[in-house]
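Chemist: One structure is given below, represented as structure tokens, and several questions about it will come after.
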Amino acid sequence: MSCCKVPVLIEAQVEMVSANELENKSLFRQEEDATQTKEASLMEQGSLSTSFPQHTPKAPKNSVLNSIKIVIFCNKLNLLLPFGPLAILVHCMIDSKGWVFLLTLVGITPLAERLGYATEQLACYTGPTVGGLLNATFGNVTELIISIFALKNGMIRVVQLTLLGSILSNMLLVLGCAFFCGGLVFYQKDQVFDKGIATVNSGLLLMAVMGILFPAVLHYTHSEVHAGSSELALSRFSSCIMLIAYAAYLFYQLKSQSNSYSPLDEESNQNEETSAEDEDPEISKWEAIIWLSILTAWVSLLSGYLVDAIEGASVSWNIPIAFISTILLPIVGNAAEHAGAIMFAMKDKLDLSLGVAIGSSIQISMFAVPFCVVIGWMMGQEMDLNFQLFETAMLFITVIVVAFFLQEGSSNYFKGLMLILCYLIVAASFFVHEDPHQDGI
């Protein structure tokens, strides 16, 4: 009997052990399920992110001399910085408008690029979405400062043409060069970007065209209720609406679409992890803020000399003011966007390139243009949204062309080349265009 009881006892012990193991496994499963649901809820709340690795930038501790070395002496383009003081010296000694304009134009170029660099350094501490916004904002500081100085001097057409040229330059030249250079680096595939964000950006650009188009249509159809005043009143009302729309766009971008610039797949996650060390800032947050202030003040000083020399340069060089304002000034002012957009495209970060190029165009058309109308209203200057028929048609066609290029959500070097060639056509058109309203300059 005892021999028969031993196997029974062994079987009972085995059954008890297996039952305990099953209970332990079920407990572990419950704990794992609870952990997974907690992580999922944290991801939904934004505490954890599956898109970005948790990489906190290390703020370097630089001395004053080391900071100056990094910002000033480590960039070859800064060899052009002495042209700024030289322009002031030429203005004081011989007052040659042509030379002052040329030297100032060359001297502002590295300042615009360094503004973009300092903004990128500051963006390392703010995150990608706010960083893209800062890049677009400070990238347009040069044009905005030039426009305010010109508006103060009553040069309304220079303001209109400079802002218009900056929009055209960003949409065609900057975006085209980004597509072209990125397509050459990744020639075996089409680079992709977020089609939904591109659609929203195209809609905002079309809204800006609508705000600029209607005052021109009202003027040329001679259908104003009060001749001369209705056009100005409509421009000021539309400017206020455009500023509200831009504020709503910022809220949408920063709150509702806070992950707009986040990578969308595992491959880009791996790229972010491998390049995390390369993207550590070279200067601290406060150093970036101080350098932004210094560079903005220096750009403001040179912009005053630049605006004063525009008319003299046009006469001495026999070049239309429309070409100088629409083509030459924006190319210099967009140096930061140009460099940033190309760099991002060559790293296969095309969403960031679009955020810089198209985002900058949106900021100028939806903020800078109506802002100058409101500032002119405060100054007593009759700045309006009537950019005249030729310029408005140029802007409308450009927005339509770019919207068609963005609708597929992909890019290659051929699309980039087409955009660059379109910009050459625009530049040639303004070179042979005589502005009939130069008396307002």
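Residue positions begin at 1 at the first shown residue.
Cβ atoms here come from the backbone N, Cα and C positions, even for glycine.
Marked as domain 'Sodium/calcium exchanger membrane region' by TrEMBL: 99-254, 289-430. Summarising the annotation, TrEMBL assigns transmembrane segment to 132-151, 163-187, 199-221, 233-252, 288-307, 319-346, 352-377, 389-407, 413-432.
How buried are these features, and what lies next to them?
Modeler: Within the chain, the transmembrane segment (163-187) has long-range Cβ neighbours (under 8 A, six or more residues past its boundaries) at 140, 143, 147, 205, 325-327, 329-331, 333-334, 337-338, 341-342, 344-346, 348, 350, 353-354, 356-358, 360-361, 364-365, 368-369, 372, 387, 391, 394-395, 398-399, 402, 411-420, 422-423, 426, 430.
For the domain 'Sodium/calcium exchanger membrane region' (289-430), the DSSP counts in helix, strand and coil order read 119 helix, 2 strand, 21 coil.
If one looks beyond the transmembrane segment (319-346) by at least 6 residues along the same chain, the residues whose Cβ comes under 8 Å of a Cβ in the stretch are 105, 108-110, 112-113, 115-117, 119-120, 135-136, 138-140, 142-143, 146, 157-158, 161-162, 164-166, 168-170, 173-175, 177-179, 181-182, 185, 191, 306, 310-311, 313, 352-353, 356-357, 360, 391, 427, 430-431, 433-435, 438, 441.
Long-range Cβ contacts of the transmembrane segment (389-407) within its own chain (Cβ-Cβ under 8 Å, at least 6 residues beyond either end) map to 160-161, 164, 167-168, 171-172, 175, 195, 198-199, 201-202, 205-206, 208-209, 212-213, 216, 220, 326, 354, 358, 415, 418-419, 422, 426, 429, 433.
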Chemist: Go through the chain and flag residues at least 6 beyond the ends of the transmembrane segment (199-221) whose CB is under 8 A from any CB in it; none is fine as an answer.
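Modeler: Long-range Cβ neighbours of the transmembrane segment (199-221): 171, 230-231, 234-235, 238-239, 241-242, 245, 249, 354, 358-359, 361-362, 365-366, 369-370, 384-389, 392, 395-396, 399, 402-403, 406-407.
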